[in-house]
Amino acid sequence: METPDMDPLDGKRILVVEDEAVIAAMIEDMLEDLGAVVVGPVNTVARGLALAGDAAIDAAVLDVNLRGERVDPVARLLARRGVPVVIASGYGESGEFEHDGAVLTKPFTLADLGRVLESALRDAGDQSGGRLVTQT
Amino acid sequence: MPTKATRRAPITPPRPLGLAPRKPDEVAALYELTDRLYRAETPSDVYSAALDAIENALSCDRASILLFDEAGVMRFVAWRGLSDAYRAAVDGHSPWKRGERPPQPIFVSDIAATDESDEIKRAILSEDIVGLAFIPLVARGGVVGKFMTYYDHAHAFTAREIELAVTIARQVGFSLERTQADQARAAAEEALRDSEERFRLMLENAPAMIWMSDTEGGCLHLNRRLREFWGVPDNGIDGASAFDWTRTIHPDDAPDLLARMGDALARRAPTQVRARYRNARGDYRVLVTDAEPRFGETGEFLGVIGVNTDVTEREEAERALRESEERFRLAVEAAPSGMVISDEEGTITLVNEQAERLFGYERHELVGASIELLVPAPSRAAHADMREGQGGERRKRIMGADRVVTARRKDGTEFPAEIGLSPILSATGRLWLAAVVDISERRRADAQRDLLLAELNHRVKNTLAVVQGIAHQTFKGGGATPAARAAFEGRLHALALAHSMLTRTNWSHAPLTQVAGDALGTAAVARHRIAISGPTLLLAPKAALGVTMALHELLTNAIKYGALSNDQGTIELKWELVEGSPARFRLEWRERGGPPVTPPARRGFGSRLITRILADDLDGDVQLGFEPDGVSCTMTAPVARLAEA
């Protein structure tokens, strides 16, 4: 059993890729309210890739469409690193995006963001925990 | 039978040849016999005349006449002075066989002196007969019977008596021959008349129009049906011959018909002709005539006998059928879809131009081919099975729902097709009419529309998110409480949720169960404390948005102050349909187990929103209750309003 964490997002580094400035600012604000550290926000796929490659990141919140470009390469790169990804999309569940992880339908509340991110981090933690067990 | 008019007159007696002059009484007897036989009309006239002559000429008081019957047995036909017992005893006894020639008369002067059986002798003697004679009656050269004379004493027959007896027998034989021939002829004539009468009646009353013409084509006889047709009076041949049938022929048909009939008469050959004739009511009817030449007994040409058949209705029905078929064909041809008609064996019987274009085949390549030609190879077996399954069902089947299948063109390419399948019951069995529409274009359009709708939804949501972001920034600087910010975000979120759900249903109707589930689903932690129940009810987009917003307000209030603000409270949301005119819908929100409720001092935005939305948008009647044991909200609205777009 894990020790219950009262504030599981405290100090977590969250990458934000979002090209709509007002929304990016809001997410940034919400994450800070949740105690997380924002990486970015960046507003293009290229900048997202630059950070996703080597920055210290615990999780990411990605918009699907960035000035007409799809965010898929960033998501794939993060997935390879084992970083949990939350997709924030106006398309919702019926969207075109193929994604195994968590989805947030825009607009979302502070509570929605917190719940989905916590859940994504917990799932990722379970998986790495499993790996550790098999290695022992 | 000879009639009175033909009765023969008495004649003078012929002078017998080669004989010595007879005694006057013998001559008188022979004369009388000849005269009576000449006048005889029936066999019994002949018999009584013969018996009289025998008795007078041969001086006996007992005599009889016997003839062979049909079975060849000699039977008494007339007698004098014989007992029944005697006749019974000697019945059938004959010295000759029927037709024997030349039979010789037998004269017995004393029966006791003959070789006859004792039985016969006893019978004869017991009748007190001693002498007797058997005189054969001859007709057409053969013996047909005999006459007998009987004496109660031995009687030696003189040459004269023998001569007289033979003479009488010859006369009687001739006479029998003649009366028998007369009778036979009369019977034959009567039989012929009966037969002719039957035939005439049959012809007259036959349920067909029968006629007879002379060699020039003039009417000799029309039967009843034909007289009725033309309105000719029922006075037989005279009436018919005065009637000129050619005047009833339709003027357009007359030249051809008369030429054909004239030709048939000239060639004395059978013919069949068709023409329109005016009947007694003035209507033209189409008659088909079959005519045969008539010939007399000696082979002479007498004219023609014919039968007319009224084919007006039949031709009309045939024409109507042809027209109906033609209309059907034109309708099929004009149909905007590809039309393919196939029979129960799956053989294509008719296609239209659209079908040719759709499948890339020429018409002649399709008609006669199997319907499976138009089905992609992998589906052919299944198609044939399904088709045979349908053929097995004899009852009529309306295929309401159109089916989307893949169809194959001649070049092997395939296209999605919508096929409306209808059975047609025809005279030759069941046919299937398939109306085929290529829906490739429609599919592309549908995909395009779905894409646009998804994009629109995305943008609306994004815009809502932007609005949320702006509000976020604004409230942050303006000192709004976190509660106010949460309320705003919650309302915006509810709006986005409803929007999302309507996108999923392509902005058509959404079921209330789903609307309520989505609106209350945000309270994930409290899901087991919220009970939702009610019949299926579809909401139009506007009603779905309104109900979502209202439920969101109620839920938010419950989380903050009501049943969901502690650990035990529950919420029941139920709705039902209320019969009536108009039918209404009643929705009830009921909180229980929360902290004691105190009515709000002033009406908040939440309750205002609920009342406005439900009352104004849905034409509903809303009751918000703040009872101490829990908040309640009851709304009734016409069902029709909910489904209005």
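Cβ from N, Cα, C; glycine included.
Curation plays no part in TrEMBL annotations; they are all automatic predictions.
Range with TrEMBL annotation coiled coil, chosen from B:83-110, B:223-250, B:307-334, is B:307-334. In TrEMBL, the annotation coiled coil applies to B:178-205, one of the ranges B:178-205, B:262-289, B:458-485, B:598-625. Summarising model confidence by region, the domain 'PAS' (B:324-376) averages a pLDDT of 89.
Long-range Cβ contacts of the coiled coil (B:178-205) within its own chain (Cβ-Cβ under 8 Å, at least 6 residues beyond either end) map to 1-2, 40-43, 45-46, 139, 223-224. Note: the domain 'PAC' (B:401-451) comprises 12 helix, 29 strand, 10 coil (DSSP; helix = H, G, I, strand = E, B). When the domain 'PAS' (B:195-268) is classified with DSSP, helix, strand and coil residues number 42 helix, 10 strand, 22 coil.
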